[in-house]
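Only one structure is covered here, and it is reproduced in the block below.
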Amino acid sequence: MSDLSTEEIKILEGLSKEEILAKLKSEAEEQHKSRKTFFGRDIISIHELSREGILHILKHSKGMKETPQPDLLQGYVMGSCFFEPSTRTRLSFETAMSRLGGKIIGFAEAGVTSAKKKETLYDSMKIIGQYVDVIAMRHPMEGAAQRAAEATDKPILNGGDGSNQHPTQTLLDLFTIQECQGKLDNLNIAMIGDLKYGRTVHSLAQALTNFNATLSFVAPESLQMPNYICDDLDKHGVKYTLYEKIADVVSSADILYMTRIQEERFPDKMEYEKIKNTYVLDSKMLISAKPNMRIMHPLPRVNEIATDVDHTPHAYYFEQAHNGLYVRQALLGLVLGKLT
Amino acid sequence: MTSEQKTPEDLRAFKVYAIKAGTVIDHIQVGRAMKIIDILKLASHKSTVTVGLNFPSSNLGRKDIIKVENRELSPEEANRVAIFAPNSTINIIRNFKVADKFKVKIPEIINKIIVCPNPTCITNNETMSSCFHVSHNGDINIIKLRCKYCEKIFIHDDIREYKS
Ligand SMILES: [Zn+2]
């Protein structure tokens with residue numbers, strides 16, 4: 001309390017002890033969120049990142065894309081801990097580390113670790129943390145990355161914890177939007193498909209509360225955006241509208257963010273048969289699209305984007321997947337203190 | 001309306017089951033008494049516990065009351081009560097008299113005692129404590145509990161299990 005000014009002390013005088021503690025705590029959290037130094041920091045949830053923090057990561061991601069830095073992380077080791085398989089995310093993290101000159105140790109499924117012998121995640125991560133400088137991890141349980149962060153003081157990069165968070169996916173989505181639109185603010189973004197269970201679209205919608213987006217949610221009623229996300233958007237004053245047909249949003253959107261509707265989400269197969277072709281995008285539907293409109297998809301796609309869309313100037317999903325590499329390189333450089 | 005002015009109905013709750021020493025948890029929202037017995041593990045405690053359900057109340061219409069003999073709730077325990085009965089008052093009784101009386105206060109963070117209702121939350125799959133952040137939008141009767149780990153948000157009715 002020694003570095004408080006007289007005015008600050010005066011403000012604090014009128015408050016109870018609990019109120020002062022709460023005030024100090026929320027100030028510390030704000031500072032932590034907006035802190036631009038990422039050295040030593042865990043990247044667990046998109047909620048922990050402020051607008052400034054996100055823009056800082058995206059700036060470095062762009063730098064990585066423009067200027068490769070093959071020696072930046074020479075001498076550093078990344079633990080690649082994949083307690084459930086996710087080849088795409090794992091290869092992206094491991095390639096990011098290799099292309100910065102770092103080394104990788106790790107495993108790609110729970111079967112090869114002590115997890116089968118019922119060792120706690122806490123113990124596993126504490127041990128692995130002693131071998132490496134940074135850890136990229138994926139785990140089937142929600143909250144696993146947060147738990148791992150308590151076990152080790154080495155930075156944790158969350159590559160997915162169950163249905164909860166996958167912040168590097170959200171950051172690469174934001175990076176891709178910024179790249180193809182030349183900006184992140186004031187865009188019209190339509191999300192299409194399974195919005196109820198789609199972790200990707202939940203995190204993206206919440207991250208976009210920082211960027212004054214106008215959102216459109218296109219989904220069958222049973223798979224619409226959950227209330228708790230809509231409540232959060234309301235709280236932040238974000239404008240959003242619900243639709244049932246893709247055709248309703250094509251001409252106004254800057255981004256069409258497609259997701260897959262999985263058959264197993266429908267207990268009634270008839271219901272699935274009825275809607276399955278409603279949420280498929282083909283090139284004929286794009287005639288009224290704005291020239292700058294770009295289509296994104298977290299991949300893998302099945303049939304929700306017809307292959308004839310791939311050759312239109314609107315297709316951007318392969319660039320999007322590619323961008324994951326630069327975002328992960330930037331995060332590795334930042335949390336290891338080699339980028340500032 | 002001041003809480004100091006006792007209506008005859010309020011007083012009746014004390015008189016009928018007057019205890020010599022212990023704690024009276026008063027003004028519990030109807031239907032929540034059993035949850036509070038659960039969360040404070042009162043059923044496993046050695047003291048005598050008297051539960052009054054659906055008492056007429058001037059403030060609440062109806063209310064539940066719990067009396068615990070020979071045990072004074074700590075402020076921390078009282079705050080646990082606040083999660084389920086945010087309007088309740090705690091009366092510490094010594095020698096048949098109300099020695100201390102205070103309103104419960106909703107804590108910002110609840111450690112350990114609530115089991116996360118999400119079965120695939122890491123807290124349910126590893127020996128560890130749960131942790132919830134508590135919030136409400138001005139109405140203390142509708143609190144939201146956000147798991148620090150799985151980040152899911154729950155309301156009262158979602159919570160089914162407790163640990164002590
Ligand atoms: Zn949880």
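Even glycines carry a Cβ here, placed using N, Cα and C.
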Listed co-binder of carbamoyl phosphate (same site as A:ARG88, A:THR89, A:HIS166, A:GLN169, A:LEU299, A:PRO300, source TrEMBL) among A:ARG51, A:ARG138, A:ARG265: A:ARG138
For A:ARG199 (L-aspartate binding site), nearby residues of its own chain (Cβ under 8 Å, 6 or more apart in sequence): A:SER163, A:ASN164, A:GLN165, A:HIS166
Collapsed DSSP category at A:GLN169 (carbamoyl phosphate binding site): helix
Reduced DSSP assignment, A:ARG88 (carbamoyl phosphate binding site): helix
A:THR89 (carbamoyl phosphate binding site), number of other Cβ atoms within 10 Å: 20
DSSP-derived helix, strand and coil totals, residue by residue, for the domain 'Aspartate/ornithine carbamoyltransferase carbamoyl-P binding' (A:41-179): 71 helix, 25 strand, 43 coil
Helix, strand and coil residues within the domain 'Aspartate/ornithine carbamoyltransferase Asp/Orn-binding' (A:186-333) as assigned by DSSP: 62 helix, 25 strand, 61 coil
Number of other Cβ atoms within 10 Å of the Cβ of A:PRO300 (carbamoyl phosphate binding site) across all protein chains: 8
Intrachain C-beta neighbours of A:ARG138 (carbamoyl phosphate binding site), sequence separation six or more, cut-off 8 angstroms: A:CYS81, A:PHE82, A:PHE83, A:GLU84, A:SER86, A:THR89, A:ARG90, A:ASN158, A:GLY159, A:GLY160, A:ASP161
